[in-house]
């Protein structure tokens, strides 16, 4: 028997544009959820169909049709997890698959924790003992990644915004709680009106965060692609060509780019998070050195590296350092500046490193099409992919934002219904907790600490 | 000389349980054990100090009132004793939701202490003995007895330590320091060393109390009078409400001012807290007046409550102005407060330092993890407050008895009682100050109301053996009446008759366009069960207590259901017990920090493990998978 029987959902295929995508749900409510979002030819509900059958139809969210799908039904205990399980095979594609996952979550499932399907399978006795340790490892490694990605990939600004909301919530909660604890010192009659202003303001803030989340901007989704090269190789020019605007400052001065610039672009249906970095060399001034270190760090975490070689100059020690660095990584090498007279050829480079190579001129925008095709090939052949945990984490964040939003709406309901002030804090704390799950913070002693640090208790 | 116990004399009388200390925790522990039929002896350094209230003269207050109700529902004594001895009573937060209604009574301190002593004296199986315990005797990590200062040995099967603030106690104000317990009573200076030898790690905590003043020197015309409630609600579910409708005395409200604060600021260098003479950690919720003036410098006044200490004394308590400043500064600052211009001090304010334990060494049953048969409760466990102490004393006493009788010990969880929250926090979380109960510490406080403590806990009290058959059946009957009445209200349809519309209009409620149930009407914020009485013709006469239950259950049904659902989720982890002999080193992939913490705490359930700081959700998953293999 599992310790949690709520219904979990996840995308169980790789997040690419090709083939089919599978969204899987497991738990007590899997069947009732699919009943509400599936429309087939027959009137009959899927929950009354036999186990281990396949059904053709559509996933719908009320009136809106999301995709044409095949639905597989497996009743527990005869399923991978041992629980009622529903698999939705859809038309692949990042957008559609994600949309379906969001729909099942909207109707009551929650995003699965890393390794949770396997964990349930094990706990429900569907896996033999020898597999247990593997499950533990999966839980550990995936958790580590999810934690890292969720905190790292949160844009600083988003974390700041969430912190502002959380600080507001905890302050007002603490005030109400202090008054309740010490009613003879602090009066809070009629506090609802004041609180409503605060709640409305924070609802708006969360709404704005949710809107940007819908654009996929809470977290950076896509193949993490890092442009590296020695100074003045033309990395920023390439970035600008790919992004299609003057995003990076381009000069003839080596070392112009000092920080990491990041943009999301779509190349033939593939989402790339493309990062321009400082040129790699033994930098002397401190700012540039920090830039170089960041470049190396990002290259280390990249799903794909685009190495820009200045073909008009001979290779130097900086190039050799980069070649060493990208040896075991997914990389494309661009021989740039074909508009000038070149001294480096593909043949020369091939003796040093085996990677796809393309001759380009970022300045005259030649060879770009070839680059796009190469990228596409690598992606569809599965050479390059990105960790789908990022998507999952993003969906988890969105779910958390929505939960916080709903909790604050409940506070407003309570205010409107003239509920006593102590009811407000129940939902305020729920919102606080939901937001904390995004930034990786738990409640702990926050409330008690806030009470003692901000308000003077009597006695 | 350590103590005079060089030649041990063994008292051959047979005792099951020894209680060390007769404060609020000790009294509950002793009564519980004796009432359960165990031969019990309670030691105190002074018989006169049984159930003494050395600080504020109240029982109850926010969340503490809940604790008293719960103690009562389980068969404890505190509620009954305050019902016999209160001189003013108030239900706090009456304009707020039922979850935060809290009873608080002013006690006649001397009478409170005397009545509790009488109850102990009249209790079968219970002996009261004056004497200081200096040694806990053990064999193979199991308690075998205690030894007194005079050398006498008392053998027993279990010991409950309720030493309060007496261990190596030191009272301080200004540069005056005395090695005494509260109120100048003798401190217990030897037990700490014995406990350390047993491998128990100790903390040093600090708390404080304001001065007591002579009523005749107070000018009440400059203060606001604070009355008790017109209709008093008793603490104990077994007290007849009519018995507590007494003549009450008043308390008085006045304020500090900038002059007061100036005197304090000018003398801060003479405070033992600021000079470093006090090393113990003080509570943040109960700051001294000098703490408040420093920390909340922007506040130009603080409230001061002048409260009587009893009917037959002139002493009054200065609530809100505890201090450890020197005597001359105390006079000066108190005399800046309106009404206290000519005040005469009877007893100085002081800070007190004492030894207590890191309660993480305890099981949630309040038994030491390393010493079988050794239990502890009260301020000794790092809490503060009479009510927190009594609650732990009761649980420690019950579990000592259960262990001796070979029955299952009780652990109340966070969804069952404030007592559960209190003990879970104490034994699970690291704390650097005396712990005080607060309603905000309870996640499910809408369920843990003071008004339903009997429905939550009396069945448990009955099963333990502390609640009489009669009282238990009265509860069952009450529950049935509540249920039937709610059922009736849910199914009684109100037409749109004139009388109904009139009532709605008077209450400022929207008139009905079609019929609806009485329950639906009660859910409207401006209406209540009481208000609809005149149009509810089939209603039978019910007690105030029952009417309240009906009203709350219907009115807040939505919120209550939500919390019940959360509790369901919570219980799943709470009921996953971790085997006592769990070898965390053998769990593959568990992080080192988690292994260390889990080995140190040895949590009883997955739920408790998840609340230990340093144990992550991933660690919990790993544990679950590992436990699944077994």
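Cβ coordinates come from backbone N, Cα and C, glycine included.
Note that the structure is predicted; figures quoted are calculated from it, not measured.
If you look up TrEMBL, you'll see A:24, A:87, A:126, A:459 marked as (6S)-5-formyl-5,6,7,8-tetrahydrofolate binding site. Here TrEMBL flags A:232, A:251, A:253, A:256 as K(+) binding site. If you look up TrEMBL, you'll see A:232-237, A:251-257, A:276-279 marked as GTP binding site. TrEMBL lists A:236, A:257 with the feature Mg(2+) binding site. The domain 'TrmE-type G' annotation in TrEMBL covers A:222-380.
Features per TrEMBL, on structure.
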residue : record                                              : DSSP (3 states)
A:24    : (6S)-5-formyl-5,6,7,8-tetrahydrofolate binding site : strand
A:87    : (6S)-5-formyl-5,6,7,8-tetrahydrofolate binding site : strand
A:126   : (6S)-5-formyl-5,6,7,8-tetrahydrofolate binding site : coil
A:232   : K(+) binding site                                   : coil
A:278   : GTP binding site                                    : coil
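Burial estimate for the binding-site residues (A:24, A:126, A:235): highest at A:235, by number of other CB atoms within 10 Å.
In this structure, the CA atom of residue A:24 ((6S)-5-formyl-5,6,7,8-tetrahydrofolate binding site) is 41 Å away from the CA atom of residue A:235 (GTP binding site). Distance from the CA of residue A:126 ((6S)-5-formyl-5,6,7,8-tetrahydrofolate binding site) to the CA of residue A:235 (GTP binding site) is 52 Å.
Within 10 Å of the Cα of residue A:278 (GTP binding site), the following binding-site residues from the list A:87, A:126, A:236 place their own Cα: A:236.
When the Cα atoms are compared, residue A:87 ((6S)-5-formyl-5,6,7,8-tetrahydrofolate binding site) and residue A:236 (Mg(2+) binding site) turn out to be 45 Å apart. A simple Cβ count within 10 Å picks out one of the binding-site residues A:232, A:236 as the most packed, and that one is A:236. The Cβ of residue A:87 ((6S)-5-formyl-5,6,7,8-tetrahydrofolate binding site) has 21 neighbouring Cβ atoms from other residues within 10 Å, across all protein chains displayed. Mean pLDDT, taken over the domain 'TrmE-type G' (A:222-380), works out to 81 on the 0 to 100 scale. Residue environment of residue A:278 (GTP binding site) contains 27 other Cβ atoms, counted within 10 Å of its Cβ in all protein chains. Note: the Cα of residue A:126 ((6S)-5-formyl-5,6,7,8-tetrahydrofolate binding site) and the Cα of residue A:236 (Mg(2+) binding site) are spaced 53 Å from each other.
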